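For reference, the structure discussed in these notes is given below.
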Amino acid sequence: MSANQNPSVQEVLGEVLGPWSDNERLKRESHFLRGTIEQDLQDRITGGFTADNFQLIRFHGMYQQDDRDIRAERSKQKLEPLHNVMLRARMPGGIITPHQWLAIDKFATEHTLYGSIRLTTRQTFQFHGVLKPNIKLMHQTLNSIGIDSIATAGDVNRNVLCTSNPVESQLHLQAYEWAKKISEHLLPKTRAYAEIWLDGEKIEGPDEEPILGSNYLPRKFKTTVVIPPHNDVDVHANDLNFVAIGENGQLIGFNVLVGGGLAMTHGDTSTYPRRADDFGFIPLEKTLEVAAAVVSTQRDWGNRSNRKNAKTKYTLDRVGVEVFKAEVEKRAGITFAPSRAYEFTSRGDRIGWVEGIDGKHHLTLFIENGRILDFPGKPLKTGVAEIAKVHQGDFRMTANQNLIVAGVPADQKQQIEQLARSHGLIDDGVSEQRINSMACVAFPTCPLAMAEAERFLPSFVTEVEGILAKHALPKEENIILRVTGCPNGCGRAMLAEIGLVGKAPGRYNLHLGGNRNGTRIPKMYKENITDTQILQEIDELVGRWASERLDGEGFGDFTIRAGIIEEVIISKRDFYA
């Protein structure tokens, strides 16, 4: 049944799912995502957005937030929370020019509460702390440099990720071009964004959404283009993945993986993280048709009654993988060929210089938790801006929240490195453990956070570094460690060897059993424990790993082999078993 028919009760393939959720009413009545956002912008009595607009601004790339550190104090003073918005830019493949960077640096300095640029796991940047009077200026500033934030949140296809591989320059360029094409093809066609934020002309006549439908998708939808053997984008965190298959340095097609996703809800066993299923191989010329077919099948078959079960991963488990795949083949007019062979061998960023096959040099900078700000003794934000003033190539934001200074000619390497070192952007002493640890934003800005993540991780990693040293593990040894402040999973903890999921202030669920390459879901080992208890558990487990492991055996693989945790093979069956 098509999403455009708007029945009062949803039925899919003969199964009644229930009455449509209120979010479906909201989208249907929004006049293609316009709502009354323009009227809200004029209301200076409150710093926030009201009623449906609170949800609708997400489709325009923004979340309403407030500073939770001062929420209680403002309440005592009879003030509303310090409402502001976070904006996530649409940057397919994460490539940004020096000119664009200097513009976003200036806006962050002059018009945000926190003055920072936050690189994210969605391979883009976020502004945090933009007050209502500056929101339209923000969109117009971005538009003037060729950037927008259309569909980086909400029930749509979000920012399309692409492996940040500067070495395989020709293959990366081709894959990146497909990431851009997919992003444009699946973008909402409504004129609402231009009308509201860019003072665009209001054109009479109906909007149409041929792929997304008038009710858009049942839930968020995430897409990647990945170049093996590097799984930096974490394919199993995403609804739709195009695995690049190359021959002689040329892209010839994609293996298509569908139905990954990490979000869950505490206490609801109908929700779980899930690996993506391999549908098979397609030639390049069928890429956009297949992307649209997967999206439209999820549009029509996804659960619009229960948002907790609305993502593609649950649709596949409900209707069956083969049934979903057959529908995609029917809609795209193709038959999937057997998948071509590939292997993932890594997913962390290689920090430092590498030389591409095109002779250009690329410097990957480790940005702890993606926060680009001038810290005491480490003026990172100033440093990146100074590099941008002289850099002749581009920047590439990675899905690991780092930044690549890409396309540096040999005669400029020394200048770029000197600028990076003098501003604290290169630290030769940073450990492999710190490089391979990651956290989402969480407090104080994320309204969903249940526990600290970004502010918690640096000192926690220091403790873990001490544990590794205590057990005489080599300096290059590390554990993929991730912290996410709530079970929505932005920090991708559900693909880590050690994953911490926030449960309450100072308390986390401890998950073990993921692997280094991001192809296995970890399982809960201990529930609702403190950071002190977590470190005690890690100390004991690392001690066993150091003394009992096989040659080259990763921590996650060891926990499975040693029987410390059971392997999750089929999430619906195994994750809570």
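Cβ coordinates are placed from backbone N, Cα and C, and glycine is handled just like the others.
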Same-site [4Fe-4S] cluster binder from Cys162, Cys440, given that Swiss-Prot records Cys446, Cys486, Cys490: Cys440
Cβ packing number for Cys490 ([4Fe-4S] cluster binding site), 10 Å threshold: 24
Additional residues around [4Fe-4S] cluster, ordered along the sequence, whose Cβ is within 8 Å of the centroid of Cys440, Cys446, Cys486, Cys490: Val441, Ala442, Leu448, Ala449, Ala453, Thr484, Gly485, Asn488, Gly489, Gly491, Gly502
Other C-beta atoms that fall within 10 angstroms of the C-beta of Cys446 ([4Fe-4S] cluster binding site): 21
Same-chain residues at least 6 apart in sequence whose Cβ lies under 8 Å from Cys440 ([4Fe-4S] cluster binding site): Thr121, Cys446, Ala453, Glu454, Val483, Thr484, Gly485, Cys490, Gly491
